[in-house]
């Protein structure tokens, strides 16, 4: 029997053995986690897969055949370096001529309108049945046409996107809050009827014209061609032509404005609500050439934005919205000291004028108050008399008229205007009065300035909603001119009759640009006198949240926000100043929804477009982008090869102008070219140089059709139907497509279709597969898959493409790109087959992708996963899956991080929102809100109630709640690019309790890398690397500096601030426009009955 000592020894021995075993186990773990993945084996896998997949891609794309065919013509082509300056000057001249045609059409409308008005005598009893755009073709319950709604023939027209229109007549829209048969409107409609024949004549002269119109100062809107207008779901048409930018810009000159708002105690409640709405309506009338500030006053002065104390700010969309947010914070208390406010306003206007930064034209003070106890003539005598350069516009808020005389005197003594605003319904009409006063000098001068708006999307018009393209609503600019009264007896009054205009879609500009001469990455762009983008391929005016919506600041995106690498604004400022020249810089251009980046050097060439406020620029990328070549084949040869059914041309490129004659509008570009070459349509105008190159490409690429057909017929060549599509595109926009499977069997049904904008030739870019192939080494293929493919079954494809160069040098133009699309499953199967190979004679591999200790990936040159054992990771960024390895690759220089900026981003923000609808937007809620208000404000109701104030009331408590909204913001985000010179890398990562090894090996002749990672060491202490954008948040002082900062801009060339003959006695009265009760009740009643 063993004693205690023996037991103790035995216990110690067991413990020692256990400790030894644990030590060996731990050492085993360390050894296993530090085991080196054999580079030679990974290199073998990469070589096997690379050879196999390139063989498939080259074979099915026909790349070698096409390269050979172009080489055969090498001696017969002439290579030219593109002269960027000459190109941009030529383009500017073409655009100048196009713009001039549009402005001449508008000028003819001006002459006709003024002549018609001169001959017309106002008749207060005039009875005239006109075509009301809302009522046309409407019948009553007995089947009779409604009054003003007689029969108006409408027919679909392909030039207007098959909208039903009447190209013989215009019709008239009257705002909902105005009386259709008001004598002023009936007389205006009557004499403006003579514009019909000019509308038709303009359209005959220039069939590319779209909407032509006359916006009357009385509020009605005459539009050609005539179209049916449909009210919104509340029975309302909110459109009023007088608050559109084109109207305001044409009617007035640039202005500096200080808005003074009385926030004394007497302004509480309804009055303050009306005052806020009045300020908001004034802001609506200010444009990018105007400057403003808002000051509130009681015993003290309060700048609505304290940061902008003592200065004015440009009235762009961002700044106006910033001030609107501050308006909601206003409250009334104390006593109003107007003298202090007036002194401050005059000093600001004087000081700002001396800086030379403002409009240097008209100046005005807008006073919004419920009364003034004095006329403050000593202040006006000190600052404004005798010249009266600052106009005073006074808005009396409320029904009380005790102090109306003082306010009216101020306005009349300072060439301004006085109005009284009793209800919210009065605001819009009364605010518009000041525009007509400011237009007087221009009218007396009889200066018909041509104005062009910035790019905008006018979704308030029903036809704009329907004239949408695949990308959303159409971006356009408007050319407009004012129409004046020429009657002698009204000359000194300077009566503005209205504004005429026509819209010019931005895509019309793009049609004039020869994309084939700009190279694969080249593009043209244009900006306004304020530096805002008119057209640029990087402009993104829409965002998606359920449906496509306009970004709030889309029309004021500055050139510096898309060409952000130009930190000193050298390019922008030169273009704003209408200079002609050249500028170069390295740029980082994103492709594929912004997730990939191409780093290149661009040469920019720029000049002005005469007769407009626009400047034009052209960007050419260095290297192959600066060269162009001319081939030569006979028309007979080329025409024969264009007849093949697999040939298509870029629909958005302008080979022939099919807009000039109505009979050509139905033609595709390919059909137009064929008719042109056959001489069957002598009226067709075509780009001879481009067509010659199209014929050359058609001839050279023709043999590939027979090649693809032979592959398709030999079913054994593609027995598992892995390869589905072969395609090619040339520098002239010519495409050929071949299907190796039936159309219904295609995995990606959208590929190369019209809706697949990224992968087809567009007005402003080459297909994505073409652009990426051009940046690859000649002879290699670029492979890609849609992002997050693992979650989207229909897109489980791999696209492979390669470029075709004419010469074996960097200066060679990239003449074409060819490629294939194959099933992702087929592609991945080839990868896994290759990764099972090994060089061991006994066939026993030291390592395999099937091993649990390793993870194998196939990633591209931007770090996106094409193959992973976890299928759901397909299309994800490698750094999100293997953060530690990606971090090491960045440290070692195998990949580099490139920081990018997005100044057009939309970020989520929490905002207070009201449950109360405003005005006519929701009659039912307006009714309930009004009822509550009537009960709680009975006394005020008895004194001030009328139908307008009842209709528009949301006077009292608004239920506030936090709501997530998308708002414009600036973001920063990374993109990643592999270092081409590094072909292979091995590495070890020291983690907390283990070491993680990996091997990365480039796949030959591709943009791909095989990455094999030791999976036994998780290395969870290293965070994933994400590509998610981060909002750039600015502190208060920086926000203030950004608000104050004003980029260089060019003022409009004309200014009509004053005229000595102006009759200042027309300065307003105390009456306010009352809307008709029945008219206002109609939408409410119909809304209530429909519920």
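In case you wondered, yes, glycine gets a Cβ from its N, Cα and C as well.
The candidates are 309, 1035; Swiss-Prot tags 309 with the feature N-linked glycosylation site. What Swiss-Prot records as N-linked glycosylation site, among 553, 714, is residue 553.
Sequence-distant contacts of residue 266 (divalent metal cation binding site), defined as residues of its own chain at least six apart whose C-beta falls under 8 angstroms from its C-beta, comprise 332, 336, 370, 371.
Of all Cβ atoms in the protein chains displayed, 20 besides its own lie within 10 Å of the Cβ of residue 264 (divalent metal cation binding site).
Excluding the listed site residues 262, 264, 266, the same chain places 263, 265, 267, 271, 298, 332, 335, 336, 369, 370, 371 with Cβ atoms within 8 Å of the centre of the divalent metal cation site Cβ atoms.
Comparing the Cα of residue 309 (N-linked glycosylation site) with the Cα of every entry in 262, 264, 553, these being the recorded positions, the smallest distance points to 262.
In this structure the alpha carbons, written CA, of residue 264 (divalent metal cation binding site) and residue 632 (N-linked glycosylation site) are 81 Å apart. Each residue contributes its Cα atom, and for residue 262 (divalent metal cation binding site) and residue 553 (N-linked glycosylation site) these two points are 30 Å apart. Using DSSP to sort the residues of the motif 'MIDAS-like motif' (262-266) gives these counts of helix, strand and coil: 2 helix, 1 strand, 2 coil. Cβ-based neighbour count (10 Å, all protein chains) for residue 553 (N-linked glycosylation site) stands at 20. DSSP assigns residue 632 (N-linked glycosylation site) to coil in the three-state reduction, placing it in neither a helix nor a strand. Comparing the glycosylation sites 166, 632 on other C-beta atoms within 10 angstroms of each C-beta gives the minimum for 632. A coil conformation is recorded for residue 309 (N-linked glycosylation site) in the three-state DSSP classification, outside any helix or strand. If you measure from the Cα atom of residue 553 (N-linked glycosylation site) to that of residue 166 (N-linked glycosylation site), you get 35 Å.
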